Amino acid sequence: MGSVDEERSLLEAELDRAENSGLYTGDGSVDFNGNPVLKQNTGNWKACPFILGNECCERLAYYGIATNLVSYLTKKLHEGNASAARNVTTWQGTCYVTPLIGAVLADAYWGRYWTIAAFSTIYFIGMCTLTLSASIPALKPAECVGSICPSATPAQYVVFFFGLYLIALGTGGIKPCVSSFGADQFDDTDPKERVKKGSFFNWFYLSINIGALISSSLLVWIQDNAGWGLGFGIPALFMGLAIGSFFSGTSLYRFQRPGGSPITRMCQVLVAVFHKRNLKVPEDSSLLYETGDNHSAIEGSRKLEHSEELKCLDKAAIVTNAETKSGDFSNPWRLCTVTQVEELKILIRMFPIWATGIVFSAVYAQMSTMFVEQGMMMDTKIGSFTIPPASLSSFDVISVIFWVPIYDKIIVPIARKFTRKERGFSELQRMGIGLFISVLCMSAAALLEIKRLQLAKELDLVDKQVAVPINILWQIPQYFLLGAAEVCTFIGQLEFFYDQSPDAMRSLCSALSLLTTSLGNYLSSFILTLVIYFTTKGGQIGWIPDNLNEGHLDYFFWLLAGLSFLNMLIYTLCAAKYKQKKAS
């Protein structure tokens, strides 16, 4: 037994020397076969093109469905405005809940690479099912005859929504893993690579929006003019290309070992705290239990330094006299390491920051619902060319593509001189700027709707469900502001939840950041339901009737602007109190 321990100690010492020499990564990453990786041969920017290509194609596929989905539901499945908006936000919300499934599988069992591979297959099957539902005559709803629009059959609904929710499941396995897997290609212990990681998140988000730009312009036009079968088939093809791009870079990737179930580890801390609830936490934190060598007891994780917050959880790491006498420290349901306790503390500290992202996501959800429905009631013609209302979201994407390189190459170097931070602004500062811009975005949308309704009244179009002669390009400012808010808030969230999460919980924390988008969509649906309920009481038309000329969509936008402002104030207080993670 002694010889085995000696060999292990010698091996660890040899690896430490290799890491310190700079030949190997210092964050515990390995190659495809589980061996330590040489820095010069793997990871860094040489591995990123395959990951960015995968993300670009996958997002093109996703937005090829999501961007114009409300139009398909209203024009082909013959749903009302409110019903279609609810269905879209519910589906999009589900797309951001399912990442919890993929994250737990990645962190606990499969690792990020195999999780992405498995769920990409499910995603591709869903895309093909959706394409068939829009292509085969028996699966397509009947066209309208004049003003009579027959409802889709139950079988047609089942096939369509089955494909749609397979996509939601597939994207759930991919989304929390791809950004983290890309960031894994940069060594946290190397200062130069750590700076590059900050740039990676910017370019990762840019690749998302390049895919989204093609979807919101070219694919939306194809769907509206060349047919939905082709309009859904092209995204399915690009999903196949996404899978091919991902596998092409396998030999260059750095992999993090799965560290076991993070949910189990958190439960172990809570159970251990309960059993030791009557014990007093020692003043000297060095008396708390931790492994003796340089490596954490959690596979694929560095040790975390003890923090003074939430000291009640430290009881899980108290070594009792009975445990000292027996020398048995192997039961994690009775005794946890400091690192394991700190994992739970980190999640609790991040919770208020996480919660404030929900309202921002509710604002973002309007781009594919109420902004589109607002655009449908405006003049969509530029000369002889008709602009599909959903394609205006391309200006949100153009805004992101405009701001990402400017932020990365101009704003960050300038800000760095003043803040002395390697990334210019901290993740929390960046997110706060985005929340402020979101208030301006909803205010711009409300002001435009006031002008549209005023013109409808002047032209006696209030009782007519027809477009008001105000050009749809007036929507560009609200889309452009939303894009600027995205660059700050969503990319800031990606950085924050990756950097501040424990090493063995990064997929889970990425999924939690995505969950804010899901809950934002659900919040949007909930607010919409409440608005319809309260504003239609007593037989009133309400704020959002099928004929928006009769309604007050501007009130809805002002409501979201007010919620966003209140949310920003709460976020500022939470961010000021946040304590940063400290890893060894």
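Cβ coordinates are placed from backbone N, Cα and C, and glycine is handled just like the others.
Quick look at what TrEMBL lists:
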type: TRANSMEM; residues: 113-136; note: transmembrane segment
type: TRANSMEM; residues: 156-178; note: transmembrane segment
type: TRANSMEM; residues: 199-222; note: transmembrane segment
type: TRANSMEM; residues: 228-247; note: transmembrane segment
type: TRANSMEM; residues: 346-367; note: transmembrane segment
type: TRANSMEM; residues: 387-407; note: transmembrane segment
type: TRANSMEM; residues: 428-448; note: transmembrane segment
type: TRANSMEM; residues: 479-498; note: transmembrane segment
type: TRANSMEM; residues: 510-535; note: transmembrane segment
type: TRANSMEM; residues: 555-576; note: transmembrane segment
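Among the recorded stretches 113-136, 346-367, 479-498, 510-535, 555-576, the one sharing the largest number of Cβ pairs closer than 8 Å with the transmembrane segment (199-222) is 479-498.
Three or more CB pairs closer than 8 A are found between the transmembrane segment (156-178) and the transmembrane segment (510-535), so contact between the two stretches is assigned (pairs 6 or more residues apart). Highlighted: of the candidate stretches 228-247, 346-367, 387-407, 479-498, 510-535, 346-367 has the greatest count of Cβ pairs under 8 Å to the transmembrane segment (555-576). In this chain, the transmembrane segment (428-448) lies apart from the transmembrane segment (510-535): fewer than three C-beta pairs between them fall below 8 angstroms, excluding pairs fewer than 6 positions apart. For the transmembrane segment (510-535), the list of distant contacts is 82, 85-86, 89-90, 92-97, 99-100, 102-104, 175-177, 179-180, 350, 354-355, 357-366, 369, 493-494, 496-498, 501, 542-544, 552, 556, 559-560: same-chain residues at least six beyond its ends, Cβ to Cβ under 8 Å.
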